[in-house]
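Colleague: Below you'll find the structure I mean.
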Amino acid sequence: MHALRSSVLALWLCLHVSVRAWMTYRSANGLDEYEPEDRIIFVGTKWCGNGNVAEGPEDLGSLKETDACCREHDMCPDLIEAGQSKHGLTNTASYTRLNCACDEKFYNCLKNSSETGSGAVRFTYFTLLGTMCYRNEHPLICVKKGWFSCSKYELDQSQPKRYQWFDVSSNFAFPRMLT
């Protein structure tokens with residue numbers, strides 16, 4: 001059963017990467033008209049993916065705990081849409097980026113869920129997608145590079161706080177969690 005679940009997850013991830021590549025191509029070539037059929041929603045959910053297929057805020061899929069986490073994440077009040085600017089930051093990604101507090105809450109919600117699907121959603125969002133979030137914090141200095149991003153930061157307490165981008169990763173290494 002574990003091998004089947006792993007194979008399904010791998011297939012879903014390959015499909016997701018292919019669709020993201022197609023969406024990036026469409027956007028870069030002026031074909032970024034968003035169609036509902038372009039949505040990829042994680043199986044068993046209505047809110048976990050790019051957009052949602054829910055009929056309303058109370059409409060959840062069969063993975064109710066996981067879906068509730070995604071719904072709350074989708075409703076984050078502090079976000080920067082693709083191509084937009086806020087807090088002196090410009091989101092150059094092709095998707096919305098959120099305040100780190102929303103991503104941290106999402107991570108903890110998925111981690112505390114007893115459903116199997118929550119682990120796959122958490123792995124996809126926090127490990128595979130390589131997204132970023134923002135927060136008002138003292139400037140960061142990267143003291144150790146990982147494979148794809150900085151793996152250890154230090155805060156420069158001598159400088160004033162400012163809004164800045166942070167890597168969202170599986171270890172969720174945000175400044176307030178560092179020593």
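A Cβ is built for glycine as well, from the same backbone N, Cα and C atoms used for every other residue.
According to Swiss-Prot:
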ACT_SITE  H73  active site
ACT_SITE  D103  active site
BINDING   W47, G49, G51, D74  Ca(2+) binding site
DISULFID  C48-C70  disulfide bond
DISULFID  C69-C109  disulfide bond
DISULFID  C76-C102  disulfide bond
DISULFID  C100-C133  disulfide bond
DISULFID  C142-C150  disulfide bond
CARBOHYD  N112  N-linked glycosylation site
SIGNAL    1-21  signal peptide
Colleague: Could you tell me which of these disulfide-bonded residues, C48, C69, C133, C142, C150, has the fewest other Cβ atoms within 10 Å of its Cβ?
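Modeller: Candidates: the disulfide-bonded residues C48, C69, C133, C142, C150. Fewest Cβ atoms within 10 Å: C142.
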Colleague: Highest Cβ count within 10 Å among the disulfide-bonded residues C70, C102: which residue is it?
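Modeller: Going through C70, C102 one by one, the largest Cβ count within 10 Å is at C70.
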Colleague: So for the residue listed as 'N-linked glycosylation site', how many other CB atoms are inside 10 Å of its CB?
Modeller: 10
Colleague: List only the single closest residue to D74 (Ca(2+) binding site), chosen from the recorded positions C48, C109, N112, C133, C150 by CA-CA distance.
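Modeller: Closest by Cα distance to D74 (Ca(2+) binding site) among the recorded positions C48, C109, N112, C133, C150: C48.
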Colleague: Taking just the CA atoms, what is the gap between H73 (active site) and C150 (disulfide bond) in Å?
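Modeller: Distance (Cα to Cα, whole Å): 24 Å.
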Colleague: Take the mean position of the Cβ atoms of W47, G49, G51, D74, the recorded Ca(2+) site. Which other residues of that chain put their Cβ within 8 Å of it?
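Modeller: Surrounding the site, in chain order, are R39, I41, T45, K46, C48, N50, N52, V53, A54, C70, R71.
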Colleague: May I ask you to report the DSSP-based helix, strand or coil state of C102 (disulfide bond)?
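Modeller: For C102 (disulfide bond) - judged by DSSP and reduced to three states - the answer is helix.
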Colleague: Considering Cα atoms only, can you say which of G49, G51, D103 is the nearest neighbour of the residue listed as 'N-linked glycosylation site' among these recorded positions?
Modeller: D103
Colleague: Can you tell which of D74, D103 has the most other C-beta atoms within 10 Å, given these are the recorded positions?
Modeller: D103
Colleague: Identify which of the disulfide-bonded residues C76, C100, C109 has its Cβ surrounded by the largest number of other Cβ atoms within 10 Å, counting every protein chain shown.
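Modeller: For the disulfide-bonded residues C76, C100, C109, the Cβ with the most other Cβ atoms within 10 Å is C100.
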